[in-house]
Each structure stands twice: as C-alpha cells, then as structure tokens.
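Visitor: This is the structure, below, for whatever I ask next.
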Amino acid sequence: CAAAAGRTDLSGKSLLTFFFPLNFTADCNAILKALQPIFQEQGMTETVHNWEDHGYLATYITKNGSFANLRIHPHGLVLVDLQSFNDHTKGREEVDQLLNKVEERMKELFHGNIKRVKRLPAILRGGVIDRYWPTADGRLVEYDIDEVVYDEDSPFQNIKILHSKQFGNILILSGDVNLAESDLAYTQAIMGSGKEDYTGKEVLILGGGDGGILYEIVKLKPKMVTMYMRKTCGDVLDNLKGECYQVLIEDCIPVLKRYAKEGRMFDYVINDLTAVPISTSPEEDSTWEFLRLILDLSMKVLKQDGKYFTQGNCINLTDALTLYEEQLSRLYCPVEFSKETVCVPSYMELWVFYTIWKKQTDI
C-alpha cells in the first residue's frame, strides 16, 4: 500500500501511488461508491471502466491536467495513482489532503480490516536533474542528485557526471553508475583489500575506471576527469608518465598481445575494464568472448606466482557470476580463484570481486 508524500519538481510531474491490500474479497462497486465523492469534491471529471470478474478502473481528471487512477481488484487490492504538477506549497498540501481523505474513507469502510496502508515517495519526471538510476539487478534507486556537473555524448557513449549530496561526483556512462568520489571501497577491493605489498612490483592496470581513466574519456576529454573526479584519480592524469608509472591511452588488447610476444611479465594484473556481463548466453554475447580473450592474454603476461584482480558484478546476479566462474575453466592454463563481497556506496548494492591466480603444478 503506497502513496507518495507529495515531493515535486518545478519542471516535472509527480506520480503518487497509494494501495490497500485487504484481508478479503472486495466489493468493487461498494468501494467505488465510497470513494467517488472525494474526487468529485475536487471538481474532477470521472470516467469508469468495469470488467466482469476483473474489477473497476476509474479515472479522475482536473482542469489543469492532473489526474488520479483508482483501480479496484476483486481479490482485495485497491490502488490509487495520482499524477500532478505541483509548483507551490498549496498544491502539495491539496494532494496530501486528498490522499488523507482516501485513506480515512477506506478505514471507515472496512473497520480496520485493511492489511496494510503505506505511502511511497513521488516519482519526479521531466525535471532538469535525473535522480533515478537502475542497480545491476534491475532495481530502481533514487539518488540525492542536486547538480548536473557534466553531460556530453562522445562518439561511443553518453558521459555524465552528477553531484550527489552523499556520494560526491558520480561518473555515469550511458546510464550505468560507474564510480563516485565516495567509492574508495571499490578501489581497495580491486587492489586486493590491503593484503598486498606492491613495493617494487610490476603492475598492469587494464581500464582503470577509478576516476574515469577510460580510453575514450582520457583521450577525448582529459581535462574533464582531472577537473571533476579529482578525489578518485588524484594527480595521476596531470602527467601521463611519472617516475614509477605510465598511462597508455591505447586499446588494451594489442598492448597485451605485444607484452606477451615480448615476454614481459607482471606481478599483478588489475582488470577494471568491465563488469561480468549480465547476459547468461556466452556464445551469443560478444562481451563474454571479449572477457575470455582478456583473461587469456592477462594470464600470458602474469607471472607464475602473480595475482589477477577484477570486479565481478552485483551479488544478486548469481547466474552471471556462476557463468563467469565457469569461463575460468576454459582458459589456456588452469587457474584457481577466490572472491569477496564489498559494499560500494554509490552502487547501493553488494559487489563481488575476484582474485585469480595460476594453479601451481607439481614439478
């Protein structure tokens, strides 16, 4: 049972949902007659649809275009959705008053036999700032976005940087939350969660999404990253070459092939190119083929006692994670792996990270 509290945006409409699960089969006609006066008092025009054995749908429309849908299901569920454009406090108060009356009338009608009554926040649509982004497992999350910092289409994807009150600047690539300034936990996890000593080691980082160190972004808009994601990338992109590091703005596959041919080996390979694909059809999804190619090439440049770190995906995507683990048995050399689950703040979900190493063989 849900009805929104009436939060609004000056440039968009609010969708309020109110539902009442009942403890018994509903008398649809009686509920409709009980609630009709509430909407009629607001000067709303009524249209009623009746389906045999499937209840009623009543639509109420105001002169300014706001409307309410009343859906009554005979199995005992009553839904009220209200969509309105409220750009002032008075309008929001009117919405709350209408919803309060609906709730009171329902309680009177059923004498406390309503199983549950709840109001959910309004969904704000059409605003300048988009606050809604899906999690990896398909849930819709509302972020506390208060500013669009950057928004531009590259030749490959849309690049957004939005500011969140909780998470700081968030990098979003084609609708996918990539990383926020708050997400140190992600960086730590993909580097081994503080268990590794990198002193004097050779490390190869593929992708490096931390701070937006992505091929196209760095190549096309290097200033954008250093300006807006400074808390995640630090000063690394100020100069692409330092005393102990070099950033290559290249496709990683030819680089890996070149290193393998040269016999160059690394103590650590950190793969931050892409998450485990959600698709569970590896033969039909080129992303899985790409992933296996990267794994094979990485193993060829990884020392026998080296470690390979990578992200997986949301812990709820069990089928995709299982399929990823199956791919590890198909590499050119036998490997073993371990995994850990980390809460990444801006993802608002638990994320799985893998450590992979070459299986030691008896000599």
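Each Cβ is built from the backbone N, Cα and C atoms, and glycine gets one as well.
Quick caveat, the model's predicted, so the values are computed rather than measured.
From TrEMBL, for reference:
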- 131-358: domain 'PABS' (DOMAIN)
- Asp272: active site, proton acceptor (ACT_SITE)
Visitor: Need one number: mean pLDDT over the domain 'PABS' (131-358).
Guide: 86
Visitor: How many other Cβ atoms sit within 10 Å of the Cβ of Asp272 (active site, proton acceptor)?
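Guide: Excluding its own Cβ, the number within 10 Å is 21.
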